[in-house]
Amino acid sequence: MVELDFNKTGGLIPAIAQDHETGEVLMLAYMNEAAWNKTLESGMATYFSRSRQSLWKKGETSGHVQVVKEIRIDCDNDTVLLKVEQKGGAACHLGYKSCFFRRVVKGDDPVIMEQQIFDPKKVYK
């Protein structure tokens, strides 16, 4: 079994979620050891919420869960890449497919590059 280095990074490691078919980066979150183990056990992406200080099963409220299709780890065993099937079409809590829906050109204000899939005000009441 792979041993991830949670100690090097203060107990949390970066976890990148990528669409398993297109390769599009959907989001960056963090995992502690409990989130890592839950992800391995369930096959569903589970992260550690830094704001709530608790485990967070992606999509638990919105229904936009991430089914893990493949897991890769980096050369230092301190970053995880999850190749996922994004259910419901949106990974971002603001209702977009990707959390990286804004583009910056030459330091100007960000430009929204995607259409919103859902209204977060209706989903997160």
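Each residue, glycine too, has its Cβ placed from N, Cα and C.
Per Swiss-Prot, Mg(2+) binding site is recorded for ASP74, ASP76, ASP78, and the stated evidence type is sequence analysis. Marked as Zn(2+) binding site by Swiss-Prot: CYS75, CYS92, CYS99.
What Swiss-Prot annotates, mapped onto the structure for a quick look.
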residue : record              : CB count, 10 Å
ASP74   : Mg(2+) binding site : 13
CYS75   : Zn(2+) binding site : 6
ASP76   : Mg(2+) binding site : 11
ASP78   : Mg(2+) binding site : 16
CYS92   : Zn(2+) binding site : 20
CYS99   : Zn(2+) binding site : 17
Any idea what the Cα distance is from CYS92 (Zn(2+) binding site) over to ASP74 (Mg(2+) binding site), rounded to a whole Å?
24
Determine, to the nearest whole angstrom, how far the Cα atom of ASP78 (Mg(2+) binding site) is from the Cα atom of CYS99 (Zn(2+) binding site).
22
Tell me the Cα distance separating CYS99 (Zn(2+) binding site) from ASP76 (Mg(2+) binding site), rounded to the nearest angstrom.
25
Please report the three-state DSSP label of ASP78 (Mg(2+) binding site).
coil
